[in-house]
Each structure stands twice: as structure tokens, then as C-alpha cells.
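J.: Sequence annotations record features per position, and here TrEMBL assigns region 'Disordered' to 248-294. Residues or ranges marked as compositional bias 'Basic and acidic residues' in TrEMBL: 255-278.
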Amino acid sequence: MIKRLFASRKRPYIPFRDQPERVQINLSGTIITMDLLPHMDYEGFKADHLPTHVNVFDDKTYNNTNHLPVWQRSDSAMKSIHARDWELLGPPWRSRPFGSITFAITLMRTDQMPEAMSCFNPAHFEQLVLRSAHSRGPASPEYAKVKAPVNWRLHEQNGNTWIYYETRKDFSDFTTAPLPFSETQVDSTLHIPLGDRHYLFINFSYLGYAPAKYSFAHMNKIRDAVCKSIECQLSPSAQQQLISAREQWPTAKAQPEREPEPWRYPEWRRGDRDKGEEDILIIKPGSPAPSYNN
């Protein structure tokens, strides 16, 4: 409590910061372990249940976007595994936190990648990740414009290529200066292949504060500690898929660095439901999702 008395934007109080819990999830034989801070929510909302076992191959438990127009459909079906919040607190007399991170683990199954391709081929997985980024950009024009990938980087663990990048707000069309905290609204995402058709989508969604440099310093430290702690022990069948992919594509690599995609957002308007129109009507198309190239 003494530490919280002296909490400030420069040095916020983060409960249990040095006491993460080691969690483990069995994904049909693939074991994922990581260090997570306990859930924090000043309003008292509980964290999602953290399962110890998840059936990767139970297709009926996934959600897809097949009900949307073709141009808006995601590349992958998804299954939420777990979510929790972490808060950066001020002194006790300040009830609301300075900022927060929403952490989420989602299991993904790609439904559009050609059968001849694999998530264990880094070049193929890179294409899938870029299509995923597009689905949160021009394919979602009703939300604020974003730019991605930012701070793209690769991580190798036991021959398996993971991909990390950030999605940031795009203020290029603003006619007035954005609010000081706006630049801290960032999504950091780590993608981990689990099989030819499955991967983990681990996301850190920041709601930060000004000055941004203080917010980023502490939020990035939490994010980096989690990412560095993650271990993935593939199941025997997944390990065999990885070995087969490496034998089939021995020189395949993902780009070690990437600049944000030069997206063009579509021109659109809200549809009139009384007239039977779709929710979003495209007046002028934007950048299409990148195509798969085997």
C-alpha cells in the first residue's frame, strides 16, 4: 500500500507486478505455458475462466465470419480461450486507473489458406498474418483507421517461426491534433503456429494515458515479460507437421522486417435496414486482402 501512496503517471502502481503466476494450457497435446499477472479490474469484474485443456479440433466450437459480405470475411475461424485485464493505478484517492491492458488468447483455424500451404512454412504464415492485419484495417472501415504492421519482428522457438507486430491508430486524416493519450491505443499481437491449419493469436490491447512515454514504458514492460515467458511444446502430431514442412520447404523464410502496408480504405456508407441493405455499403472499394501465393 505504501507504494500506491506515491503512485504517479511516471511510476504507476501495478498490483502483483513482481508476482506473476505460471499458467499452462493443453491444446490437444500441445502445451503452452506463460507467466501472467493476476487479473485486475477496479469495477470488480471477474476474469474469464482459464481452461487447462482445449480441444483444438472441435470445429463446432469456433466462430467464423461467413455471415458477412465476402470482402469483410476473416481468413480464420476463432475460439476464445482466455482474457484478463491489468491496470496501472494511481494513488488510493484516484478510483479509476491511469490505463489498462486487455490480454486475450484466441485459438485460430485458417479456413482460406490453400491445402498445399502450411502455417509451419514461415513464408505461408507471413501471408496469413498480413491477411489477418487487413481484416482489422480496410475490411473494418466502420472503425478508426489503423496502420499495420508496426514493429514487425520474428521469434524462433524450436524451429517454429512466431510473428509479432503492432496495430496503431492512423491519424493522417485528422484535421486537428489527436488527444494526447490517443497514440497509446495500441494492439500488440503475437502469432504462434500450432499446426498446418491452427495458430494462437495472443493480443495485448492498450488503453493508455498521457504522457505517452510513461504509459508505453510500463505497458511494454508487462507485454514483453509475458512474451518472453511463453513456451510452446508441440504435440507429437504437430511436431511431425513442423518437420514435414521444414523438409518440404527447407529455405522458406518470413521477412525479418516489414513496413506498414500502404492500405487504401474504402469509401462507404451505412446501409438502410428498412430497405434490406447490408450494414455497410461500399461506394468505392479499398485495398483488397493480399492473395495467397504458394
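Glycine is no exception: its Cβ is also placed from the backbone N, Cα and C atoms.
Annotations in TrEMBL come from automatic prediction, not curation.
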J.: Do any residues of this chain, six or more beyond the ends of the compositional bias 'Basic and acidic residues' (255-278), have a C-beta under 8 angstroms from a C-beta of it, and if so which?
T.: 69, 126, 130, 133-134, 137-138, 141-142, 145, 147-150, 152-154, 165, 284-287
J.: Going by DSSP, how much of the region 'Disordered' (248-294) is helix, how much is strand and how much is coil, in residues?
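T.: Its residues divide into 4 helix, 9 strand, 34 coil.
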